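Colleague: Below: one structure in structure tokens.
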Amino acid sequence: MIEVAVTGAGGHMGREVIEAATHRDGMAVVLAVNRTAVDPVAGHEVEAEADLPDLLDDRDPDVLVDFTLPDPSTRYVEACADAGVAAVVGTTGFSDSQSAVLADAAESVPVLRASNFARGVMALRRAIREAVEAVPDYDVELTETHHNRKRDAPSGTALTVLDDVDDARGDDGEHVHGREGEQPREDGEVGVHARRAGDVTGEHELLLAGNHEVLTLTHRAESRGVFAAGALDAADWLVGRPAGAYDFEDTI
Ligand SMILES: NC(=O)C1=CN([C@@H]2O[C@H](COP(=O)(O)OP(=O)(O)OC[C@H]3O[C@@H](n4cnc5c(N)ncnc54)[C@H](OP(=O)(O)O)[C@@H]3O)[C@@H](O)[C@H]2O)C=CC1
Ligand SMILES: O=C(O)C1=N[C@H](C(=O)O)C[C@H](O)C1
């Protein structure tokens, strides 16, 4: 039985993760914490996040799954490193210095980070790398659309895809965020567009155009359950691994 702790238990993703873990064979939620007080989630009492270090010692989970914000997430992963608990991090929007804190923690415990836990996005990323290599001189534009509550822009997935495009092209192309004014498009630049509206779960589209043709590669998440399932697959895979920094692709 894999025993799971969930931070951000009152958030949209935290609730999905608790619900999915509760109904998953071979998994049990032994700890749920949140910053503000919330009613039980899927029958699990939600504890105060301030008590996390003591709660980790007391409940001794195998793995913690975090979908919150960069600042609390880094604190939670540091607490995992102190307690010897593996961590799966779905939070996005980390600064370089916050990422360095996660990398430090990964020297003590296994830490798996992914900007997107949908398996379809893993497939999308492979398709994007292949397409960009096949038509390296085509114009590239990336558009992501998310719900109106989302704080970080561009999305974590968009930033990951931009890295994939740069890797496939073998350069650090200029990323142009939105456009305004009379500046024409420069060769090699990648346009990046972040839309926020309604309750869109998450959409990412890469458009490649040139030589009188247009190719689009799109992923659309239709439920947050897809992210929760992927994060729990990652948790399952991570338990028992040596300390280190892992990503979702490592699990395949
Ligand atoms: N990797 C992936 O596949 C996915 C990643 N995400 C990422 O997950 C994160 C959370 O998304 P979502 O669940 O929609 O967000 P929500 O806003 O619904 O939930 C945020 C959670 O973080 C907590 N929180 C906010 N501020 C603080 C703070 N200062 N200290 C401690 N806790 C805090 C909230 O607690 P409180 O209730 O007290 O406000 C809440 O539990 C985002 O970074 C998002 O980009 C989302 C979906 C998929
Ligand atoms: O905030 C969200 O909702 C999502 N965030 C992740 C991101 O920033 O890429 C993943 C997914 O698109 C949903």
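Note that Cβ sites are derived from N, Cα and C of the backbone, with glycine treated the same way.
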Colleague: Hey, TrEMBL has NAD(+) bound by G8, A9, G10, G11, H12, M13, G90, T91, T92, A114, S115, N116, F117. Any idea which of D25, D39, D137, D139 it lists too?
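Modeller: Checking D25, D39, D137, D139 against TrEMBL: the NAD(+) site match is D39.
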Colleague: Using a 10 Å radius around its CB, how many other CB atoms surround H146 (active site, proton donor/acceptor)?
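Modeller: 25, counting other Cβ atoms within 10 Å of H146 (active site, proton donor/acceptor).
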Colleague: My understanding is the cutoff is Cβ-Cβ under 8 Å with a sequence separation of 6 or more in the same chain; which residues meet that for G8 (NAD(+) binding site)?
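Modeller: In sequence order, G14, N34, D66, F67, T68, P72, T91 meet the Cβ cut-off.
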Colleague: Spatial neighbours of N116 (NAD(+) binding site) among the recorded positions H146, H147, K150, G156, T157, defined as Cα within 10 A: which are they?
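Modeller: Matched recorded positions: G156, T157, sequence order.
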Colleague: So if I take the recorded positions (G8, D39, T91, A114, H146) and measure from each Cβ to the nearest atom of ligand 1, which come out below 6 Å?
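Modeller: Passing the 6 Å Cβ check against ligand 1: G8, T91, A114.
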Colleague: Measuring Cα to Cα, how many Å separate D39 (NAD(+) binding site) from T157 ((S)-2,3,4,5-tetrahydrodipicolinate binding site)?
Modeller: 31
Colleague: Could you measure between H146 (active site, proton donor/acceptor) and T157 ((S)-2,3,4,5-tetrahydrodipicolinate binding site) for me? Cα positions, answer in whole angstrom.
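Modeller: Computed Cα spacing between H146 (active site, proton donor/acceptor) and T157 ((S)-2,3,4,5-tetrahydrodipicolinate binding site) is 11 Å.
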